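Peer 1: The structure's right below; bear with me while I get my questions together.
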Amino acid sequence: MGCILTIEAKKSRDIDYQLRKEEGSKNETKLLLLGPGESGKSTIFKQMKIIQDDGGFSIDERLEYRYIIYGNCISQMKVLVTAAISQDLKPNNPDNETRFEKFSKISPGGNSWTLEIAEDIKQLWSDDSIQNIYRMKDKFYQLNDSAAYFFDNIGRFANENYVPTQDDVLRSRVRTTGIQEAHFKFINIEFRMLDVGGQRSERRKWIHCFDSVTAVIFCVALSEYDQTLREEESQNRMKESLMLFDEIVNSHWFRNTAFIIFFNKVDLFREKIAKIDLGDYFPAYTGGLSFDNSTQFIKKMFLDLSTGNQRIFAHFTCAIDTANIQFVFHAVRETLLKNIFNTIINY
């Protein structure tokens, strides 16, 4: 009996040690966050800052996002106005004609922000022509997922004492270029997470991140099954995700690496799948406008790509929902513990 307890205690100590150990002297578990552009990777990355032990963005850190948020408001209204003009839509309110002209020429960065610009955005967002063109998003033009959130909150942003909230920070968008790195502790385990640019031009920078990875978290935007790439408008976004996952999961770099798929933007997908049939873009799907049927079909498409023996775990996520990501990351932590336990007992 004492011998069994000693063996079990040793295994427990080994698991604890291995989970904290990375190659060399670093006491961290290395997570590689991969996926195509706009799959929600960077939002997941920011969530880690919030859900970590004693986490969250400080006031000073949130203030640094102000001009990013201002820039998001301006750039997304410019997209809408440009799309409206291209479709020959005129503003309902004659006063907005000059605003159409202004936003067709405006520089989209946060440096263009003024209280007058904030009022322009408020008036344009309430115009029927802009609302009509907004409903055409994903068909004729590409708009960020959080555009409506920013427009709805424009009055708050215009306050001279405005301090971004955690939600504002999560919804803000800056294209990831190169490699972003963060160190955080979650339930007493040290993690090192690397977020790399998802656009095609950024993927060549991934290669040197592949060494000593404990797990790959691969993000897929469920809601983009009917959308095309910004870089190549003839390529379906979900098909691009499938191609990328196929390349990564079957790479020799990851033969012994755990894979965790985050099927992200589940909230947007639930709204869209009730109106737009997945079968229009993936003819093998015959499950109709069913959320359950469509999510299981998509999940199977990805899981079937693996030709190796890796264990692949899947979670349906909403990256802007902190409670959801905290719940999912508890499961991810348990997955890593079990993976290391299985490695030790099979050693």
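Just so you know, glycine gets a Cβ as well, placed from its N, Cα and C.
Model, not experiment: these values are computed from the prediction.
Per Swiss-Prot, GTP binding site is recorded for 35-42, 170-176, 195-199, 264-267, ALA319, and the stated evidence type is similarity to another entry. Per Swiss-Prot, the feature domain 'G-alpha' maps to 27-347. Marked as N-myristoyl glycine by Swiss-Prot: GLY2. Annotation source Swiss-Prot lists S-palmitoyl cysteine at CYS3, citing sequence analysis. Taken from Swiss-Prot, the feature region 'G1 motif' covers 30-43. Among the features that Swiss-Prot reports, region 'G2 motif' is placed at 168-176, with the record citing sequence analysis. The region 'G3 motif' annotation in Swiss-Prot covers 191-200 and rests on sequence analysis. Marked as region 'G4 motif' by Swiss-Prot: 260-267. What Swiss-Prot lists as region 'G5 motif' is 317-322.
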Peer 1: Using a 10 Å radius around each Cβ and all protein chains in view, which of these binding-site residues has the most neighbours: LEU170, VAL174, VAL196, ALA319?
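Peer 2: Highest number of other Cβ atoms within 10 Å: ALA319.
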Peer 1: Which bits of the chain, at least 6 residues beyond where the region 'G1 motif' (30-43) starts or stops, bring a Cβ under 8 A of a Cβ in it?
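Peer 2: That would be 22, 145, 170-171, 173-176, 180, 191-199, 202, 206, 209-210, 212-221, 224, 229-231, 237, 240-241, 244, 248, 262, 264-265, 317, 319-320.
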Peer 1: Counting across all protein chains present, how many other Cβ atoms fall within 10 Å of the Cβ of GLY35 (GTP binding site)?
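Peer 2: Around GLY35 (GTP binding site), other Cβ atoms within 10 Å: 25.
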Peer 1: Helix, strand or coil at ALA319 (GTP binding site), per DSSP?
Peer 2: coil
Peer 1: What does DSSP call GLY35 (GTP binding site) in the simple three-state scheme?
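Peer 2: The three-state answer is coil.
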Peer 1: Which residues, sitting 6 or more apart from ASN264 (GTP binding site) on the same chain, put a CB under 8 Å from its CB?
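Peer 2: Set apart from ASN264 (GTP binding site) by at least 6 residues yet with Cβ under 8 Å, we have SER39, GLY40, ILE44, CYS219, VAL220, ALA221, LEU222, THR317, CYS318, ALA319.
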Peer 1: For the region 'G2 motif' (168-176), jot down how many residues DSSP puts in helix, in strand and in coil.
Peer 2: 4 helix, 0 strand, 5 coil
Peer 1: Sort ASN264 (GTP binding site) into helix, strand or coil using the DSSP assignment.
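Peer 2: Note: ASN264 (GTP binding site) is in a strand by DSSP.
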Peer 1: Let me know the model's mean pLDDT on the region 'G2 motif' (168-176).
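Peer 2: Average per-residue pLDDT within the region 'G2 motif' (168-176): 90.
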